[in-house]
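A.B. asks: Got a structure for you, written out below as structure tokens; questions coming shortly.
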């Protein structure tokens with residue numbers, strides 16, 4: 001077993017193999033509290049291109065004190081369909097049964113996303129399998145495409161889940177973030193308007209049956225993640241952070257557990273590089289709580305300041321810094337032009353648009369997709385992320401870090417330019 005010890009710990013879990021061009025991309029990370037186990041997933045590809053994905057690989061890590069012992073890399077051959085490549089891992093832990101559900105898409109052969117968008121012919125299947133022993137063994141794959149999407153698929157040019165973790169709400173609902181390219185009109189045999197929109201797949205019966213939520217509109221949104229945060233008088237609100245091509249991150253809120261979202265808004269504190277990039281978000285209850293926050297001019301921001309993103313039903317209680325001490329933690333490249341310098345941001349008042357901190361830089365240099373996990377009750381977080389010396393697809397690293405390190409950037413002004 002490979003051991004990573006003490007805090008702010010870093011280890012390479014998946015390394016590009018230069019001789020045979022094997023590349024690992026699209027990280028997904030899950031922490032399972034009862035067994036103190038991490039599951040780290042990635043796509044194995046024969047090149048960096050999306051259409052050269054083959055199957056998923058994973059590693060199991062066990063927390064021992066403030067260290068993680070990692071087992072060997074394993075191919076997840078159970079997560080395959082004949083004649084398809086497996087992509088976009090999205091795991092979620094169901095606390096009542098102890099099952100780990102792993103969602104993914106299986107895409108026909110080497111059919112590219114561009115081809116699907118050009119012809120309006122979806123080549124992806126919505127699939128999942130589950131483990132009842134924290135990833136030691138896996139069941140058979142199940143194709144949910146017809147059951148969950150059905151006839152609506154004729155309006156989808158293509159789609160994907162995640163990538164990165166899903167969540168279970170306090171109500172028990174399981175949520176798998178996703179996005180689809182919607183075809184709004186055709187000209188002869190070609191779709192003339194195809195735009196991506198985020199949505200949720202969900203289950204209210206512990207994963208027995210699954211359903212499709214409504215699209216986040218009208219803003220173009222893609223790869224996304226969600227986190228549950230407190231709203232008014234115990235009302236729980238779902239926060240969604242979504243990729244856009246429009247220079248800034250899109251944020252949207254749901255008051256019905258992810259079936260429907262309000263109109264998304266671009267947050268100008270959270271930049272996107274050219275073309276956008278996937279990012280990760282989690283909710284957490286930090287062990288250390290600062291009492292004030294500053295705006296961009298350096299003045300204290302009142303804790304009761306209302307967020308222009310939300311309607312009156314989402315307002316937090318009077319006097320709340322975060323009403324129950326729940327924060328958001330967000331990982332994303334911080335450079336406005338390129339996928340560089342992976343940052344960790346926090347928001348101590350999740351429904352307030354102006355409360356995002358400056359980023360604490362987790363990785364300097366090329367940085368791509370990432371996925372966050374919370375080690376509950378220990379003030380620790382984990383991040384699985386793409387990085388490298390020259391390109392962000394050279395390796396996928398795991399880092400364990402503390403809330404104290406994130407809070408070292410303890411003001412809430414806008415991120416500086418990169």
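Yeah, the Cβs are placed from backbone N, Cα and C, and that goes for glycine too.
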A.B. asks: Give the range, chosen from 16-19, 20-23, 24-27, 28-31, that Swiss-Prot lists as motif 'FRIP motif'.
C.D. replies: 24-27
A.B. asks: Name the one residue among 223, 228, 352 that Swiss-Prot lists for the same substrate site as 25, 45, 179, 181, 243, 339.
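C.D. replies: Between 223, 228, 352, Swiss-Prot records just one in the substrate site with 25, 45, 179, 181, 243, 339, namely 223.
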A.B. asks: Which whole-number mean pLDDT does the model give the repeat 'BNR 3' (252-263)?
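C.D. replies: Taking every residue in the repeat 'BNR 3' (252-263) and averaging pLDDT yields 96.
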A.B. asks: Among 179, 369, the recorded positions in question, whose Cβ has the most other Cβ atoms within 10 Å in this structure?
C.D. replies: 369
A.B. asks: Minimum Cβ neighbour count within 10 Å among the recorded positions 50, 223, 386: which residue?
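C.D. replies: Relative to the other recorded positions in 50, 223, 386, 50 has the fewest Cβ atoms within 10 Å.
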A.B. asks: Which of these recorded positions is closest to residue 50 (active site, proton acceptor) if you go by CA atoms: 25, 243, 339, 386?
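C.D. replies: Answer for the nearest of the recorded positions: 25.
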A.B. asks: As a test of the contact definition, list every same-chain residue at least 6 positions from residue 181 (substrate binding site) whose Cβ is closer than 8 Å to its Cβ.
C.D. replies: 116, 117, 156, 157, 158, 159, 194, 195, 196
